[in-house]
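Asks: Features from Swiss-Prot:
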DISULFID  CYS32-CYS355  disulfide bond
DISULFID  CYS89-CYS100  disulfide bond
DISULFID  CYS114-CYS132  disulfide bond
DISULFID  CYS146-CYS149  disulfide bond
DISULFID  CYS208-CYS219  disulfide bond
DISULFID  CYS230-CYS248  disulfide bond
DOMAIN    27-133  domain 'Cystatin fetuin-A-type 1'
DOMAIN    144-256  domain 'Cystatin fetuin-A-type 2'
CARBOHYD  ASN99  N-linked glycosylation site
CARBOHYD  ASN156  N-linked glycosylation site
CARBOHYD  ASN176  N-linked glycosylation site
CARBOHYD  SER301  O-linked glycosylation site
CARBOHYD  THR339  O-linked glycosylation site
MOD_RES   SER134  phosphoserine
MOD_RES   SER135  phosphoserine
MOD_RES   SER138  phosphoserine
MOD_RES   THR319  phosphothreonine
MOD_RES   SER321  phosphoserine
MOD_RES   SER325  phosphoserine
MOD_RES   SER328  phosphoserine
MOD_RES   SER330  phosphoserine
SIGNAL    1-15  signal peptide
Amino acid sequence: MKSFLLLFCLAQLCSCRSIPLDPIAGYKEPACDDPDTEQAALAAVDYINKHLPRGYKHTLNQIDSVKVWPRRPTGEVYDIEIDTLETTCHVLDPTPLVNCSVRQQTEHAVEGDCDIHVLKQDGQFSVLFTKCDSSPDSAEDVRKLCPDCPLLAPLNNSQVVHAAEVALATFNAQNNGSYFQLVEISRAQFVPLPGSVSVEFAVAATDCIAKEVVDPTKCNLLAEKQYGFCKGSVIQKALGGEDVTVTCTLFQTQPVIPQPQPEGAEAGAPSAVPDAAVPDAAVPAPSAAGLPVGSVVAGPSVVAVPLPLHRAHYDLRHTFSGVASVESASGEAFHVGKTPIVGQPSVPGGPVHLCPGRIRYFKI
């Protein structure tokens with residue numbers, strides 16, 4: 001009898017290690033820092049960075065909440081809310097995210113907020129749904145930390161556009177290889193001391209030689225795309241003229257990848273998605289002369305949408321507006337229902353809900 005009681009107690013202890021399913025609400029609530037929860041969140045961040053057409057990569061900062069729903073016939077879906085922070089790596093930069101630095105608060109940091117559904121099936125995580133938005137830290141908070149730190153400037157500001165153009169012209173003048181075109185202006189700030197414009201922008205190589213270019217409009221992007229990322233500064237001299245400094249990092253060329261065509265599509269038919277909507281094509285600089293183009297992930301495709309003209313950063317909502325991804329088309333559709341207003345089930349000891357999770361960097 002004692003042996004039976006001992007076995008019974010051991011069984012109860014083992015069962016306490018698993019997260020109970022709420023028999024009324026129909027979901028589990030693991031801790032936000034649970035390993036599987038974190039893996040689901042990291043899978044979502046990876047998905048976000050792979051589908052961003054412009055701007056900078058984001059990294060996980062905090063998991064705010066999580067519910068795990070069963071999914072028929074197999075698997076389970078993590079319904080997670082996460083906070084992200086912008087890094088200093090551009091989306092075209094092949095540097096692994098783990099090696100990318102988080103942009104600090106004194107540099108006018110940008111935070112993202114995402115609601116995501118991630119399917120876990122056979123030990124693999126795949127993203128079903130992503131809805132995000134992002135915003136820079138408030139000017140007041142930046143000023144509290146650093147009164148003299150520059151704030152983000154509108155990317156279509158005439159001084160910003162001029163700074164990007166002269167910085168790129170300076171780079172091309174110093175370059176003995178390909179002529180580079182502007183892909184996008186990614187970030188800009190007005191620096192008070194010394195009075196200057198700081199600008200960051202992405203570029204792409206063309207089939208022209210930099211030293212021989214007469215008409216840049218006749219230059220075409222290379223079939224095997226080569227991108228670069230530049231940082232420039234333009235200081236207006238008191239007696240006229242400018243001091244221009246620029247440094248560019250060029251990335252390895254990207255091989256041509258055949259794009260799958262829809263059934264029945266003609267070989268020469270134009271794509272429904274403009275080249276400017278995807279990362280492997282040059283887009284015009286965001287200036288007052290032409291409305292910038294963004295994109296929304298809609299299932300297996302990327303759909304072009306207009307961007308706000310006076311934006312200072314690339315808002316995640318312009319890509320992740322809450323459209324289910326292609327993975328959700330397989331198997332039974334998953335719909336998160338409204339959470340019933342019920343008490344917690346009578347689980348011995350009561351479940352411990354450790355949410356929100358730890359902050360990996362800082363809150364803004």
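The backbone N, Cα and C atoms fix where each Cβ goes, glycine too.
Mind mapping these onto the model and telling me what they sit next to?
Replies: Within 10 Å of the Cβ of CYS355 (disulfide bond) there are 18 other Cβ atoms, across all protein chains. The secondary structure of CYS355 (disulfide bond), as reduced to three states from DSSP, is coil rather than helix or strand.
DSSP gives CYS89 (disulfide bond) a strand state.
Secondary structure at CYS114 (disulfide bond), as computed by DSSP, is strand.
Other Cβ atoms within 10 Å of the Cβ of CYS149 (disulfide bond) number 16 in total over all chains.
Under the DSSP three-state reduction, CYS219 (disulfide bond) is assigned to coil, being neither helix nor strand.
For CYS248 (disulfide bond), the Cβ neighbour count at a 10 Å cut-off comes to 20, with all displayed protein chains included.
Within 10 Å of the C-beta of ASN99 (N-linked glycosylation site) we count 9 further C-beta atoms, all protein chains included.
In the three-state DSSP reading, ASN156 (N-linked glycosylation site) counts as coil.
Long-range C-beta contacts of ASN176 (N-linked glycosylation site), restricted to its own chain and to partners at least six residues apart, with a cutoff below 8 Å, comprise ALA210, LYS211.
Shown in sequence order, HIS58, THR84, GLU86, VAL110, GLU111, GLY112, ASP113, HIS313, TYR314, ASP315, LEU316, ARG317 are the residues of the chain, 6+ apart in sequence, with a C-beta less than 8 angstroms from the C-beta of SER134 (phosphoserine).
In the three-state DSSP classification, SER135 (phosphoserine) falls within a strand.
Counting every protein chain shown, the number of other Cβ atoms lying within 10 Å of the Cβ of SER138 (phosphoserine) is 12.
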Asks: Run through the Cβ atoms and count how many others sit within 10 Å of the one on ASN156 (N-linked glycosylation site).
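Replies: Result for ASN156 (N-linked glycosylation site): 23 other Cβ atoms within 10 Å.
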Asks: For ASN176 (N-linked glycosylation site), which DSSP three-state class applies?
Replies: coil
Asks: Mean pLDDT across the domain 'Cystatin fetuin-A-type 2' (144-256), rounded to an integer, is what?
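Replies: Here the mean pLDDT over the domain 'Cystatin fetuin-A-type 2' (144-256) amounts to 95.
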Asks: Tell me the Cβ neighbour count for CYS208 (disulfide bond), meaning other Cβ atoms within 10 Å of its Cβ, over all protein chains shown.
Replies: 19
Asks: Tally every other Cβ atom lying within 10 Å of the Cβ atom of CYS230 (disulfide bond).
Replies: 23
